[in-house]
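Visitor: Here it is, the structure in full.
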Amino acid sequence: VLDSADCEHFWIAPAAICRGLTKEKIDQVARLPNVKSVAFPDNVQLIEPVLNEELSVKAGEVNATVPQWGVTTTGAPDIWKYYKGKGVVVGSIDTGAEYRHESLKNNWRSNKGWFNPYNGTLFPLPVDSATHGTHTIGTMVGSHGIGVAPEAQWIACLGLYIRSGSPAALLKCGQFMLCPTRLDGTHPECKLGADVINNSWGSTKGYHPVYEDMVTSWRAAGITPIFSNGNSGPKCGTTGNPGMFTRVISVGAVGSAQKDPNQLAAFSSKGPGYPRDANNQTLTIVKPDISAPGYPTLSANARVLDGYVLMAGTSMAAPHIAGIVALLKSAQSDLTYDEIYGYLTKTADREVLKPEPEKWYFANGTFRGDGAYNCGNVSDASWPNNRYGYGRANVGTILRDGKLNDTPRPVC
């Protein structure tokens, strides 16, 4: 039926993406016995930062001995004497990367460390189409005090060209992260795959199973998928997807204009999430899974090779968690997803986190929206809840003595 069609097939998911089919041809495909469904997936969007403030911050003004507030809040500096991410590969599916930036140039893995599904070999070295990817990679692994796991290596795939990612490009990136290839997509080497993948992208337009299949393949290979929860708060039920999937760690943001580490960021999307199960039945689950600093975050500026820029969003929170996972994998390389999830959630900071305010305001004092309480009929006083998930991640608790701990610190 599809012999003459323009179709791309993918091994990471049981899917093919075809272009230019007539309605008659689509109907024929839908009736084939080995076709489960035919759909028209939308492009996925970058989860736009709610703040993108250019700063004239240069290398001499970023003190590597004084980590950024978000990095400190994760507890990472407390355990750097034991682990800094060495031996771990962090993957980024985003707008690309500026590999020449001073904070990233020394730990990019150049051997099959870059893939561009849009332009193939046109850009043989990493480029950033919109600055977002460079910023998130900096938070994961950057030097100069901006990264959680500064000795981990990074690889990148340009899944979102400027601000939008096609399903085909994202699936190709998913395959690259699992089995990195040459620039032309040949000679895959699965042993070079990422250990953890940050995904600061998503959609509120509706669920599509093809990304669930991609995530399932990652999980089967031992890769930990991290996704932003979305910037559509403060209302309930605003979690996007794939962040709402059951098989991913979805991350909400803490912070404020005053860098309050104990306050949920006003924009941070709240659960519940509504994914679907194998029988296409809608589920109701608590989301996010965990929270991390995301308002504001100073990280690498792709436009200035020794410059830094402030951004805010769950896009900034998720890479903090990806960096934490890199530290955990550096401590024990064979940790499973379930073990990582357990360490993150059982040790999370909770008692210090602030309750939902009656009203939310922008930094300039303008009214933003009413507080949303007990989303999904889950009490904000219970854990997990649909505001913070299990709480705010703290790797300093997990690795407090250089060994893995799954119990919280005693409250003094």
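Each Cβ is built from the backbone N, Cα and C atoms, and glycine gets one as well.
Residues or ranges marked as active site, charge relay system by TrEMBL: Asp94, His132, Ser315. Positions annotated as domain 'Peptidase S8/S53' by TrEMBL: 85-391.
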Visitor: In sequence order, what residues of the same chain, 6+ apart, have a Cβ less than 8 Å from the Cβ of His132 (active site, charge relay system)?
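Guide: The list for His132 (active site, charge relay system) reads Leu46, Pro49, Asp94, Thr95, Leu160, Ser200, Met311, Ser315, given in order along the sequence.
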Visitor: Taking the Cβ of Ser315 (active site, charge relay system) as the centre, count every other Cβ atom within 10 Å, in any protein chain shown.
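Guide: Counting Cβ neighbours of Ser315 (active site, charge relay system) within 10 Å gives 32.
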Visitor: In which DSSP state, out of helix, strand and coil, do we find Asp94 (active site, charge relay system)?
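Guide: Once the DSSP labels are grouped into three classes, Asp94 (active site, charge relay system) ends up as strand.
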Visitor: Looking only at the domain 'Peptidase S8/S53' (85-391), report the model's average pLDDT.
Guide: 96
